[in-house]
């Protein structure tokens, strides 16, 4: 097999986008990104967590939202709405992120997407995704969480919206959407995307716990409060 040319990706060349443009039907169609978590709106909490990545702060952080745009803007982050929301799922947010990164985050060569409903994502997320791309000819990397089942075996779960992609994939993504494609996992397969593995156990058990309901959001918050009390 031919040697893979090693690249050097830096956080200084990354535009990070918090995905908060969904309909949140399982949350009663509330604007999920504005629901409170640990005293902050979810999307803002996630944006602030992005700034604390082990790689250092990404070059640019924005929020993708389609409702209450003016309210999101009060928190100091650029807000990028989908040009014509068509309920195409997370890939619509990917498309919006790439479009705007090319227009506004001019020093960025890569876009990192993070969903707003997973507040305890790893502080090493960007670092591990960058490492995965550095070791591969792929232009896209995404997270895979590894959990321990009750019988002791390891269970892998794809986390496709935690994605780092080179801006050069934009035209192919747009063409996929125009052809009727909607599945994130299918598009990742077409891109030969590389995986970055994250073990979720102990203090990191909630790394990819996502909140589809207000009850799930409160449960995550309660577990994190207990974790802080015991440490």
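Including glycine, each Cβ sits where the backbone N, Cα and C put it.
TrEMBL annotations: computationally assigned, not manually curated.
Quick look at what TrEMBL annotates:
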BINDING   19, 20, 21, 32, 64, 82, 117  GTP binding site
BINDING   117  Mg(2+) binding site
DOMAIN    16-187  domain 'MobA-like NTP transferase'
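A map of TrEMBL features onto the structure.
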| residue | record | CB count, 10 Å |
| --- | --- | --- |
| 19 | GTP binding site | 27 |
| 20 | GTP binding site | 29 |
| 21 | GTP binding site | 28 |
| 32 | GTP binding site | 28 |
| 64 | GTP binding site | 29 |
| 82 | GTP binding site | 18 |
| 117 | GTP binding site | 26 |
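Mapped onto three states, the DSSP output places residue 32 (GTP binding site) in helix. The average pLDDT computed over the domain 'MobA-like NTP transferase' (16-187) stands at 93.
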